[in-house]
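S.K.: This is the structure I want to talk about, given as structure tokens.
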Amino acid sequence: MSVSRRCLCCVKYLMFVFNLIFWLGGCGLFGVGVWLSFTQAEFSSLPLSFPSLSAANLLLVAGGITMVTGFLGCLGALKEQRCLLCMFFAILLLLVLTEVTLVLVIHIFHEKLDSKAQNELKEGMKIYESEPGLKKSWDNVQKMFKCCGVTNKTDWFEVLNGTLPSSCCSVGTERCIDGWVEPCYHKARTWLLDNIPSVLVFGVCIGVVQILALVFSMVMYCQILCTEKHMD
């Protein structure tokens, strides 16, 4: 076996291992997204801007794309197909750039995004009495998090003519006068941030694997070209 062929085999199996880890990471992200979706299923009628629902959808999309990309990388490494490697590199590069852009946008515009999400939720509250699904979701949120309103319990005053829904108080209370003080958006956001650190660490690890996979795909592509030239 020639030196170039041995190098190609080495890079091939290294890339396969990295992409296998990458694919497993995608499965992990997708699994967390599914878990979060099932956990928050009782809030499903709320706008998708609700923190835990938006996080669940984001993880599902990221996990699904990562799984497909990892599979392409594994297949391209094993088959030594330049076309598959180019496709893998292009998708992975686009994914990395999208992730970096998304992180920067969230970091820079997080206050505006929070404000927009809160406004959407307040708009949704207006059909609380006419929409049974939304009513059930809001009641579930307020009972689970022991909170009231989006940013303040007074958010309900315009919707319910100066009164509060019974779900703003302890279970079993027929008429709610003094509801829970903490707002639901802040409470849900805090709950999400308390439960997400391990996922963020996992995401950083996946990011490192993505960069290494990009490097190995380029190296392997060059090695295939060199091997084909030597064979010619």
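Cβ coordinates come from backbone N, Cα and C, glycine included.
Below, the features straight out of TrEMBL:
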DISULFID  Cys148-Cys168  disulfide bond
TRANSMEM  12-38  transmembrane segment
TRANSMEM  58-78  transmembrane segment
TRANSMEM  85-109  transmembrane segment
TRANSMEM  199-222  transmembrane segment
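What's the neighbourhood like for these features in this structure?
M.R.: Around Cys148 (disulfide bond), a 10 Å sphere centred on its CB holds 26 further CB atoms from the protein chains shown.
Sequence-distant contacts of the transmembrane segment (12-38) (same chain, at least 6 residues past either end, Cβ-Cβ under 8 Å): 52, 55-71, 73-74, 77-78, 80, 199, 202-203, 205-206, 209-210, 212-213, 216-217, 220.
Sequence-distant contacts of the transmembrane segment (85-109) (same chain, at least 6 residues past either end, Cβ-Cβ under 8 Å): 62, 65-66, 68-69, 72-73, 76-77, 207, 210-211, 213-214, 217-218, 220-221, 224.
The list of residues near the transmembrane segment (199-222) in space but at least 6 beyond its ends in sequence, with Cβ under 8 angstroms from a Cβ of it, reads 8, 11-12, 14-15, 18-19, 21-22, 25-26, 28-29, 32, 59, 66, 73, 76-77, 80, 82, 85-86, 88-89, 92-93, 95-96, 99.
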S.K.: Looking only at Cβ atoms, how many others are within 10 Å of the one on Cys168 (disulfide bond)?
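M.R.: If we count other Cβ atoms within 10 Å of Cys168 (disulfide bond), we arrive at 25.
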